[in-house]
Amino acid sequence: MNYLPIFINITQKPCLVVGGGDIAYRKINLLLKANAQVSCVAQACCNGVTQLAKNNTITVIEKAFEPSDIKSQVLIVSATNDRALNAQVSDLAKNANIPVNVVDSPDLCTFIMPSIVDRSPIVIAISSAGKAPVLARLIRAKLESTIPNAYGKLAELAGSFRAQVKAKFNNIEDRRYFWEKAFSGVVAEKVFSGKTDEAELDLQTQLDKSTDSEMGEVYLVGGGPGDPDLLTFKALRLMQQADVILYDRLVSDEVMELVRRDAELIYVGKERDNHSVPQDGINQLLVDLAKQGRRVCRLKGGDPFIFGRGGEEIETLAENGVPFQVVPGITAASGCSTYSGIPLTHRDYSQSCRFVTGHLKDGTMNLPWDELAVEQQTIVFYMALKSSKHLSEQLQAHGMRGDMPVALVEKGTTPEHKVHTTTLAKLPDLVANETIHAPTLIIVGEVVKLREKLNWFDAES
Ligand code: SAH
């Protein structure tokens, strides 16, 4: 380690910034965030610095730097573009044992400023010891995207309970166990979903009867159409903290790779017309697992509320008093059309879009064909491969042109993404003559033609 990471308290302490340009302005703002009393010595100042002085947020002394300026300072930043001046400030500070940072000159610094992820009171500092600041920034961007904003609130909440928890548990192990549970369980999730008041009550209850067995939680998570990059941050976070994952056939292998390594995996796969675990069984399993205190992730393809029976699953949870959260996912219509270069709406060709199930109940598709067989509309059929002949016939019987463009998307957004384009009249032939792999989505509408110009995604195979 080239530097010792420490966090320094500069609240209401005099700190000096030499220089008044944009970079100095940024450093001043950082010092202000840590509540420093900032003075700035500079011959010229940028607007930002001048404004801070006008508001009396900092003191600006417009003059050339003099050695006596460092007197009584606890920390100094030199941010001028005059190397000799920076070196002079650095020497003086070092002689006076005052920590000094010279922007972009690690050799002149006694401390360096890290990249920061600010979830105050949680603050993460990242440094590459001046060797690869861009890499440090990339790492920071990664952390920014994986650490929810609400971690700050969680830490605040924990802070307000600290004394109580200490008083309740004499033993450090017990305290640690209590906090681990709080930070990875229902309390944390409530804070993340904005229910801070409820979280506070829960934490209090947990503390009051910390031996009782607790209720777990269910996360109904949309896993998107296949490409793992299409997961939301929230989906990923919950997938990585759940103790048990219930998944089905539509969740891609690549997405499954991202669940917590040691989670228990339960396949409740649904083949068409051949449900390996009947829906009631899944609903009950979710309730039972949560009642054992487990964090259960019900991972579904696409969006759980779009032809996903998500509603049915959480109804049972609600009836049984099991807490749950729902995370939307990119639905197949959106993923498949986008990855096929087909905009679902377009000002010239389609002003509305309908998502329709093609699943045959009792062999008939009970659909409002008159409403569907219209121009200037896009129809996306889910689960319609087997009924494609029927839908082609019905749409034409209700007045849709036989040459209406149609796209059939196989395994959309995955490495095996494949698109067949045809017309409404020829759709049944295509399905009869080609080998087509499920899952497939059928898109009907003029917008399909745009693919010729707008296709951008090349699958690997
Ligand atoms: N909840 C899911 C849909 C479940 S219904 C969602 O929002 O996407 C299952 C149907 O979705 C499949 O029969 C198929 O029509 C469609 N589907 C799901 N993933 C798909 C994919 N990667 N490519 C093509 N179609 C897909």
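Glycine residues also receive a Cβ, built from the backbone N, Cα and C atoms like all the rest.
Bear in mind that TrEMBL entries carry predicted annotations, made automatically and left uncurated.
Record features (TrEMBL):
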- 124-145: domain 'Siroheme synthase central' (DOMAIN)
- Ser128: phosphoserine (MOD_RES)
- 150-207: domain 'Sirohaem synthase dimerisation' (DOMAIN)
- 218-427: domain 'Tetrapyrrole methylase' (DOMAIN)
- Asp248: active site, proton acceptor (ACT_SITE)
- Lys270: active site, proton donor (ACT_SITE)
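Counting every protein chain shown, the number of other Cβ atoms lying within 10 Å of the Cβ of Ser128 (phosphoserine) is 16. The Cβ neighbour count for the residue listed as 'active site, proton acceptor', using a 10 Å radius over every protein chain in view, is 20. Cα of Asp248 (active site, proton acceptor) to Cα of the residue listed as 'phosphoserine': a span of 43 Å. Packing against the domain 'Siroheme synthase central' (124-145) from elsewhere in the chain are residues 2-3, 5, 7, 106, 112, 114-117, 233: each is 6 or more residues past its ends and has a CB under 8 Å from a CB in it. Under the three-state DSSP scheme, the residue listed as 'active site, proton acceptor' falls in the coil class.
Residue counts for the domain 'Sirohaem synthase dimerisation' (150-207) under DSSP, helix first, then strand, then coil, are 50 helix, 0 strand, 8 coil. Helix, strand and coil counts under DSSP for the domain 'Siroheme synthase central' (124-145) come to 13 helix, 3 strand, 6 coil.
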